[in-house]
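Trainee: Before anything else, here's the structure in question.
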Amino acid sequence: MQLTLEFGGGLDLLCQSVKIHHVDVTPNVENGKLTLRDLLSWVRTSLIKERPEMFMKGDSVRPGILVLVNDCDWELCGGHDTELEEKDVVVFISTLHGG
Amino acid sequence: MDCKIVGNGSADIIHEIEKLKLDKKEIENRISKLEAQLKADEAVQMKANQACSSYDSILDGHAVSSNGLTPGMIYRYSRHLLLPDFGVEGQINLAKSSILVVGAGGLGSPVVLYLASCGIGCIGIVDSDIVELNNLHRQIIHPEAYVGHAKVKSAAAACRAINSSINLVEHNQALQASNALDIVSKYDIVVDATDNLPSRYMISDCCVVMNKPLISGAALGLEGQLTVYHHKGGPCYRCLFPTPPPTAACQRCSDSGVLGVVPGVIGCLQALEAIKVASGIGETLSGRMLIFDALSSRIRIVKLRGRSLQCFACGDHADFTQQSFQSFDYEGFTQSPMSDKARPKLSLISDSARITSREYKDLIDRQEPHILVDVRPAHHFKITAIPESINIPLSALEDQISLVDSYLKEVAKDSGKSASLYVVCRRGNDSQRAVDFLSKNGFPLAKDIIGGLESWAQDVDPSFPIY
């Protein structure tokens, strides 16, 4: 499944300072679906090159990270169980506190 | 003889009385001076304590047209009045509004300047910082002449120079849970222009408890974020972030840097949101977040979750009162200080593995064979470095550990003695991490310089640049 992943608010530093990744992720063999839960574990193993604890906590993102699917908070579209579709854009953004 | 003694005695007494009378007069003078000072302080305090009166004091004796604006206001704000969506009503709403801006830094500078220019009736500015030279590249409200002075004074002076017809209240103190209710209660709208995580939770909670809309902006590096919290049923900061992030994830402008114009852009947009909330026009960013990426010139506006029914602060069953707010430990909750300046001092390695910058200078003077590894990132090393030091960034140390060995061997070969290994960084935290790593990987005698380059500049070489 072709997806665009974006990392912001400093999270790009965890994946070699690249903000936008065009990726091809294989859906589940059994049902042909890909959920955000699946994507998170794929990102952790395939994209995050250092300090994975700065991205994940348990099986979710660490506190202070917003996950957006097609510019919409994942809490509004089903959280971990959100089913992704071809050409979806998933943004991971860490909140900033500076000023 | 007796008489003489008495005579002398009375002269002494008279002299003594006169002296005491003079003392009394001086004491009375001091008392009345102190009383006057107390009265003046109370007046200032009372002025600050008063609900921020806006509209009436702006009008203050001026003839008012039937639409509620003075001729001066009509001329000054004419370009606002010409906007069909804004007009007289919008302008009067601004004049009747009071807005508290927390932080007179990179975000606060444009916020305060625009709010003052556009005729907000009363603006309060809270900050306890003083203006520093390294603020000026982004905190555009402050001029060089105010370096070393209170930011609040500098910002208020700039506003008065632009618009003498509005009320400005200077809160030259840090906003804390203990004083926030009192200060925030006097304003209609709050703008969060702070630079740290505990303040963000504290200000959001305070706005929930006091039921004020909050315009929240943040900027770091080349990115910015902006939203409106607790407005028209929208979420608060805790709805989005019920659990604070780990401290390692909280970058600071003083560590990570910030391009001056980035907080400027976000601050301008904060001023715009504040003006929209105050005037009642348009659609605010409540329930949405604007994400600005300066490097790629991209602005993304995303839809956020709504108010959380389970929210600790604003949820349906939240038991969060003014009392609980005042006793909440925000620094403990977030494990980080309410100041961009306060820095945690790491104590990772034993004292025997550390030397002071003065001791390091002594060993240079003794010409002790050694190498100095500077573990800061390469772009820091380019800013300034101790001569002869070798840059191996901490993140690359594991991969390049063989370099350390070859440098040591080189020095040992040239000097005919074994060479010692010292490590330095900016402030003395990363150097400890490096020594810890080195000691476990074949360099048990590695030592770091306590306090890093900052202490080198302070204690050894005053001409060494600090940043």
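The backbone N, Cα and C atoms fix where each Cβ goes, and this holds for glycine too.
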Trainee: Quick one: which of B:10-44, B:45-79, B:430-464 does TrEMBL have down as coiled coil?
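Mentor: In TrEMBL, the coiled coil feature sits at B:10-44.
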Trainee: Listed in sequence order, which of the recorded positions B:Gly106, B:Asp195, B:Cys253, B:Cys425 sit with a CB under 8 A of chain A?
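Mentor: The recorded positions close to chain A are B:Gly106, B:Asp195, B:Cys253.
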Trainee: State the count of C-beta atoms found within 10 angstroms of the C-beta of B:Asn134 (ATP binding site), not counting that atom itself.
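Mentor: Its Cβ shell of radius 10 Å holds 11 other Cβ atoms.
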Trainee: If one measures from the C-alpha of B:Asn134 (ATP binding site) to the C-alpha of B:Cys239 (Zn(2+) binding site), what distance in angstrom results, rounded to a whole number?
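Mentor: A Cα-Cα distance of 35 Å.
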Trainee: Using a 10 Å cut-off on CB atoms, tell me which of the recorded positions B:Leu136, B:Cys239, B:Cys253 is the least crowded.
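Mentor: Lowest Cβ count within 10 Å among the recorded positions (B:Leu136, B:Cys239, B:Cys253) is B:Leu136.
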Trainee: Spatial neighbours of B:Leu136 (ATP binding site) among the recorded positions B:Cys236, B:Cys253, B:Cys311, B:Cys314, B:Cys425, defined as Cα within 10 A: which are they?
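Mentor: Checking Cα-Cα distances against B:Leu136 (ATP binding site), none of the recorded positions falls within 10 Å.
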Trainee: Average pLDDT across the coiled coil (B:10-44)?
Mentor: 84
